[in-house]
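Here the structure comes first, spelled out in structure tokens, and everything after it is commentary.
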Amino acid sequence: MRITPSAYFAACLSISILPANAFYPYEPKYGDDANSKRAIPSQHRRDGHAIRFDPLPPAIDQRQSITLPIRKVPLRRENKYNIVNNNEPKQENSVAVDQDGTDLSYMVAVTFGESKEEYHLLLDSAASNTWVMSESCTTDACKFHNLFGEGDSSTLKTEDTTWTVNYGSGSVSGTLGSDTLHISSLSVALTFGLGTNVSSEFASYPMDGIMGVGRGDNDPNSIESPSIMDALSTSSTLKAKMFCIHLSRTADGFNDGEINFGDVNKERYDGDLNYIKIADNDRGFWEIGIEDAGVDGTKIGFTGRSAILDSGTSFILMPNDDAVAVHKLIPGFSQSGETFTVPCSTTKPVQIIFNGQTYNVSTADYVGGDLGNGDCKSNIIGRQTFDEKQWLVGDVFLKNVYTVFDFDNSQVGFGVKDAKQAASPSSSAPATKASSVAASTGGGATASATATTSGAGDASAEAASASSSPTGAAARASSSFALSVAFGLLSVFIQ
């Protein structure tokens, strides 16, 4: 399927969280994008702008053959989205986290009540509301999705209470419904939203709704009922009120994304978990302090930064000055407004330090779509989403760690595989408020493997260190400039 320019740019959306909720189409300007008009190019790192796409070719890159279990989800109306079905986890109270095959959006499959039909809900750690598109929805976006209502389950109870979630130029509103939500082996009674008015922006995305696993929302128009985490922790046999996520990377070929409820999966990390207390905020975000950041062993000297962890957005978004400081340590970068390019051949990991431990962001994740002439898009965006020291840290980072979201102890834990890949920043570069800089691009398209995280400090920190991940053209062929698709109560698209 070829994407027309208008459809391409309509689908080219990303997420930001702003004080005023706003859902903005976002058209990144990277110069000549003429070679990136297909949703999934066969020879270069896939474009990442279109979530509706053809099945992946047998080989994403000529040097790496990847077989993906893409299935067509049997949805009502004319839904033609494809979903990559990840393997069912072996651990108790765990659920596969599926994705769209391009590392753009991560979803869980659920059923409601007596219905046997699957609904894919976006996994969103920045919101606590859960909603699904209703069979009563008549807006155009609903024509492309699986809808749920009384015709699907006789146990569904509806009420006239209304709710609205605003996304700036887009929104979702509806009424409330109550039924049993089934998610793999777990079943829980839940009150959730039935979206009866869904704006057109949602037509570009494969999910049929949102499953919010955030800490809570304070919007008076949101769904006022216990969240799915509240319901699971009080009605099931969970050991603790927590969830843990491991997000799959298409280039790895493992199809092993999962969410663990109530307990950690120790097979997902080596050594100890690195726990960080969450910061107090009035929005219920999973927000933790950042000690510093750097690139390939050189620290920048950041102080006072914090990261809002959002499984529903694919970018790392930070204020422009911070993004410039990061990219200045990547030889050959260039900037255009809030977006950046880096050499496709770069082997330098971006690094973020949490609680004394350094975590690498693999080039497989932050180096995006190939723009030609050796340039690739950067998935680190210079866009302020909250205040001048808050970063929105999405899947570009989260794919590199096993993350524990612990409600009971108000903390986040990070675990990593393969401590042998440890490396930590050792030198410092001055933190500067750099202006826009255009630098020459460099190199060909061969990059060596990069460590995913690294330890700093004592032996226990090293034990919870980095896992290696494929990099270079073969790895980047399937993890591109990702669309941010978090639609939580406070998750919105940037303009």
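Cβ coordinates are placed from backbone N, Cα and C, and glycine is handled just like the others.
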Bond partner of Cys137 - disulfide, per TrEMBL - picked from Cys142, Cys244: Cys142
How many Å separate the Cα atoms of Cys142 (disulfide bond) and Asp310 (active site)? 25
In angstrom units, rounded to an integer, how far apart are the Cα atoms of Cys137 (disulfide bond) and Asp310 (active site)? 28
Take the C-alpha atoms of Asp124 (active site) and Asp310 (active site) and report the distance between them in angstrom, rounded. 7
